[in-house]
Every structure is written in C-alpha cells, then in structure tokens.
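Here is the structure we will look at, set down as structure tokens.
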Amino acid sequence: MPDRANVGETGARALVLPVAGGHQLCLRVFAPLADDPAAPVLVIVPAMGITASYYDPFAEALAHQGFPVVACDLRGHGASVPAISRRSRHGQQDAVAVDLPAIVAAARREFPGRPLVLLGHSIGGQLATAYLSRPGADADGLALIASGTPHHRVYPPLRALRVLLGTQAAALLGRAWGYFPGDRVGFAGRESAGVVRDWARFARTGSFRPDGADLDYERAMAAVDVPVLVVSVEGDLMHTPAAMAALTAKLGAGRVTERRYTAADAGQPLDRYRWVRVRGPLPTWVRDWWRDHDDTGGARP
C-alpha cells in the first residue's frame, strides 16, 4: 500500500506509490471541500516536466466544487524518485501501461465508490487518452485542457515547420545529452530521453506509437467510449483547437464537449501554463460538464 504524509499547507496529502523498475511515484491527494457524493475523482496527469504541486491552486478550486482530486508526479518529476538523469530509460509506454494503471488504482482506493475522470494537460492528455484505449482501463471520463496531438500537420505551414523542427531537435538533444534538459533550454522541464523520443515520433507521424508498445494504440483508441471534455486555452499556440480536435478524433466513440477558455473568462491573460494558476470559471465548467454527461449513475461498485 502507498505511504502517506502531509505535504505543505495546501490541504494535500502525499501518497508514495511504488511501481515497477524501482520507481516511486508521488501523488498529491485533495479531499473534496463541498458535499457532492456523486462528483468523480479527478486524476490530474501533468504536462511534460511539470510537477504535481504546480497544480495545487487548480486542485484546490476543484475540491471546492466537490471533487476529490489526485495529482501525480510522473516518473522522475517532483517528489517521485529517482529523479530524471542520464540513467533514466523509461518512455511513454511505461507511463501508459504501468504508471497510470497504478495511479488510477490508488485513486480508487482513496475514494471508493465514485466515478473517476482523467484530467490531462498537454502531454498528460495524450497519455491519458492512450491509457483509456488499454484493456482494463478503469476511468469513466476524460477531460483535456490545453492538450492535443503534437502532429505538425495540424498547424499552419510556418508553425508546422517550427513544431516539426523543434520536436525532432528535442529528441536529438535528449539522445546526445542523455536526457532532455528542458530546464536549461527553456521548454517544459527535464525529461527522460525516451519520453521525448516518443513525443517527437508522434509529432512527426501523427500516430501514438511509443517504443515497446504492446498494442496498436491508434486502433484501440477508436473503440474508447467515454464522455470527453475538451478545453482549448487562449494564448496557447501549441494546443490549438485544431490540434485538440485531431486528438479527440482518434476516440471514435468518444462523446466530445468543446469549450474555449479566454482571457475574458479568466479576467487576465492566459497561456499554455498560466491557466492552472488562475482563479477562473474552469472548475465550474468541469462540474457542469460532468453533471450533464455522467452516465455512471454517480457511483461505482
């Protein structure tokens, strides 16, 4: 079972979750602060190189809407150990086939009897989407916020060239350096070379085909049948509405609700990361979407 500890003054608790390969993931758990027993557990899957604690303001706002929230430090990030280094060998297959199943199971144990929704940001949304296609995937819904396919062909020509060159350069840098030094180059954060290599392949080909894949994810995603909330964010030049639509199009049976989060909604400028720290209406949108699309009856056995 995971180890528990208090973390900081945010109301979060830490769960240390051992997974295969000697890794320990750290989860931040927020109990609901409003009485809504039908509200699902929201599992936040972070953007590349972003720690779970970055999402504390958003998680607390969701908790005030009645949601239990579990935010995860993926392999090598935040409080998870070991940290990203030249010894890191994991890729996106590990996240989808090993880590997310363990994270979801831990969230179920913490908040039994509730539905569960994966809430993915950026690459976290790509991983959550792929996880849902796996046999035995145990989630009842998917929320994608500032998350879409990185495929360069969904962008206008000049932007497409920048995305293609940037993603492939990141993979080459990761190979040469031993890991991707995002903290040094000013993009995302430090990341395993394997994760960046898989992401660069997705950007180049438009297909989710991580190294070591044990199934055809593209074919499997077409059978995913859950309600999906898609929120594009003004100021996010990477996860455009077209990029987000290209990701959800892979979910052939998914029931998609689209929203656009603007600076006018938030009361201040937004971008790919800033939305997380803004006290805007997004938690209410998530609540209203689930109330309109919950087909679980508000409970799980």
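Here the Cβ of each residue, glycine as well, is placed from N, Cα and C on the backbone.
What TrEMBL records for 39-161 is domain 'Serine aminopeptidase S33'.
Here the domain 'Serine aminopeptidase S33' (39-161) returns a mean pLDDT of 98 for the predicted model. Sorting each residue of the domain 'Serine aminopeptidase S33' (39-161) by its DSSP state yields 50 helix, 22 strand, 51 coil.
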